[in-house]
Amino acid sequence: AKPLVFPAARRPAAGGRSPETLPSPPPLPSPSPRCSPAMPEKRPFERLPADVSPLNYGLCLKPDLIDFTFEGKLEAAVQVKNATNQIVMNCADIDIITASYAPEGDEEVHATGFNYQNEDEKVTLSFPSTLQKGTGTLKIDFVGELNDKMKGFYRSKYTTPTGDTRYAAVTQFEATDARRAFPCWDEPAIKATFDISLVVPKDRVALSNMNVVDRKPYPDDENLVEVKFARTPIMSTYLVAFVVGEYDFVEARSLDGVLVRVYTPVGKAEQGKFALEVAAKTLPFYKDYFNVPYPLPKIDLIAIADFAAGKFSFSLNYRETALLIDPKNSCSSSRQWVALVVGHELAHQWFGNLVTMEWWTHLWLNEGFASWIEYLCVDHCFPEYDIWTQFVSADYTRAQELDALDNSHPIEVSVGHPSEVDEIFDAISYSKGASVIRMLHDYIGDEDFRKGMNLYLKKFQQKNAATEDLWESLEEVSGKPIAAVMNTWTKQMGFPLIYVEAEQQEDDKVLKLVQKKFCASGPYTGEDLPMWMVPISICTSDDPTCAKMQILMDKPELTLVLKDTKPDQWVKLNLGTVGFYRTQYSPDMLESLIPAIKDLSLPPVDRLGLQNDLFSLARAGIISTVEVLKVMEAFVNEPNYTVWSDLSCNLEILSTLLSHTDFYEEIQVFVKDVFSPIGERLGWDPKPGEGHLDALLRGLVLGKLGKAGHKATLEEARRRFKDHVEGKHVLSADLRSPVYLTILKHGDSTTLDTMLKLHKQADMQEEKNRIERVLGAISQPELIQKVLTFALSEEVRPQDTVSVIGGVAGGSKQGRKAAWKFVRDNWEELYNRYQGGFLISRLIKLTVDGFANDKMAAEVKAFFESHPAPSAERTVQQCCENILLNAAWLKRDADNIHQYFLQRKAPPAMV
């Protein structure tokens, strides 16, 4: 599927909510057999009993950075609500040494048994006598392991400026891993305050959610200090964070007085300045937007070497590449990625932390909301990024691609067992979630949307809420049927295709609209008719940027009259590509829109949407691929980066498909024809007055031309690479990826060795990642093997192995076969390494998505039946479905495409 505009590690994992708390949803049509996903069997699951609950956790942890263990002491103030002789808590990979309970003002009672339920990650503490109602203190001494699984309290390897290897101790608790650091009530609705202290070597930095209030020598060991942090506000366990390591920092105060610090590896403080600037601008923006102040006195953003999720919040830990920007060596897309990540995580301070979802079923709302507002925030800080157009390419179309599959799922999935949490956490939760919130914001209007948000945050602050609570607040303010509309988008999977035709009646146009579920496998043929309530906007050539009509389509068919619309005026649906649907125009309506692409009178985001809709209709067999190729040729004058980026992704999909034919070279010719005019206009060097997007576009176009073997581009890339390696003239950061890609694609073993040497010498993680992502472009079989072996070597950080293997699979037809074999041969090691996190799903998708015959689909299915990966089960189903869809597409359209390419080259017939 689409490569993201930014490194795809941007989405963390998380999950659902137990059946007994679900308000009954309005009845929705049940999916037809053809579009119903096989849901895995649900494990029986019970939430923790409510007999005993925490009020405050006093927690002291002492990590050992040499032996990778930690000792912990918990003193929790708890309330016994119902008399009981046992306390049930969450606990995983922890050994309890002693536990006792002391009712307020009474004798301490020691627990006589600890019964671990490992499957359910729970422990039951049994007491010899009944604990009576009232408050008291629960004390637990325990030990745990600083694991290397990137979850819970784990160790993170780093290299000091002098070249020593050391380890930091860091946390990643979302969704359900706080229980790996200390026994706790690890459910989002069980909130408490936290008093945290850490016993650490005195030359290390210790950080947690709150500011340090005391730092004193540790009595038993003069090399240690005890660092005590202030009491937190009331919050959920998954938001607790702590870090022990060696860091430098830069700091600033935001306009509203919050102290913002960015902690970086030692010696790299400079590189934290960009993130610091974004964070200091963002906090006041959110404060104004929500009309609720930031709840804490300080915020720390910390760059951590290996962080699976890309980032997470409160005392925010990030992957290095998500936070560090080197003014000389970082490319434009990295700056943008940092800005989005910071915007996303800071949004959670309100939406997630101040108000938390009641159970994981509503997690989509936290994530979808933060994924939408991160763009709003970046647009505010950096209007020159044209970020909303990029949203359509990065999130909206990506979500539509997944959601058209039979193996999609609704945004809101009721989750029982938290092991289902990782599984639902895909582009649907994030990207479709963000897209429907963008549609909702547009439907309500900004002013009422903000009022409704404020009402919701005020009403539920420091509490928990469900999706319905937000709809209620927005409905109250806007007077529109928000819950009824939104339930059609969140509680059923899929989205509609709207077919439209127009008939001229004197000076008016009469439009007929029909909605049907859009399926990737072709026209929908189910018995029942799923229905959506679709906010529709319509514009005409009179004013392409302004809606001539807005209406809520709440039935299968609709007839509208556009007054005063002349025969020569075109009509376009879905202004701004905001509505989450695809549009199929009648042939004559489509014909009239083509000139508006060529002369750019249609706005960029509408040009992008039109092309993307056509491409997906062709992929689904509703129209011919040749129709789309013709429209693509209309983009010769296109100046916009994001439009090109989307077009380029689609051509890449087509190119991968045609690598299974004997006319693969023909599509390369087509790519060169489409991209060379813009390549010539842009040239290799930045021109005065160019902005962020021109730099991104140049990299994209040169990479495309280089990969397709455009002669002049290849020669220039080789020349510039030689100068770069010899140190004569260093390549600018924005040109590195395209140049590296081009010379590798058409390179030999010497080229590969040079690249591996550059990788070894690179000081910046961003440069290492940049090289790792393109190594797979090399085409000789023995060199492909060398790259795959390199992927699992010590040289590559564990969470980056996936992008090296993915690069090989996406690099060539041979690469795809080799990568799939490599994943099968090394499955044990890879699976153990990622232990069911979201990286395993990513690995599978990147490796097998490009295949295009039924036999391969069967092979993939069989392999995962004998090597189960439960958290990636849905990904495997989606991949098999994609392979079958590719095979059908190839069978259906290959000959027509070939004919079209041949006739493009044929000389015009003599008259």
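Positions of Cβ are set from backbone N, Cα and C atoms, glycine also.
TrEMBL: automatically predicted annotations, no manual curation.
Annotated in TrEMBL:
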type	residues	note
ACT_SITE	E345	active site, proton acceptor
BINDING	H344, H348, E367	Zn(2+) binding site
COMPBIAS	7-21	compositional bias 'Low complexity'
COMPBIAS	22-34	compositional bias 'Pro residues'
REGION	1-44	region 'Disordered'
SITE	Y430	site 'Transition state stabilizer'
In Å, rounded, how far does the Cα of E367 (Zn(2+) binding site) sit from the Cα of Y430 (site 'Transition state stabilizer')? 6
Measure the Cβ-based neighbour count of H344 (Zn(2+) binding site), defined as the other Cβ atoms within 10 Å of its Cβ. 28
For H344 (Zn(2+) binding site) and Y430 (site 'Transition state stabilizer'), the CA-to-CA distance in whole Å is 11
What does the structure give for the C-alpha distance between H348 (Zn(2+) binding site) and Y430 (site 'Transition state stabilizer')? Integer Å is fine. 14
Cβ density check for E367 (Zn(2+) binding site), other Cβ within 10 Å (all protein chains) comes to 25
Alpha-carbon spacing, E345 (active site, proton acceptor) to Y430 (site 'Transition state stabilizer'), which is rounded to whole Å: 13
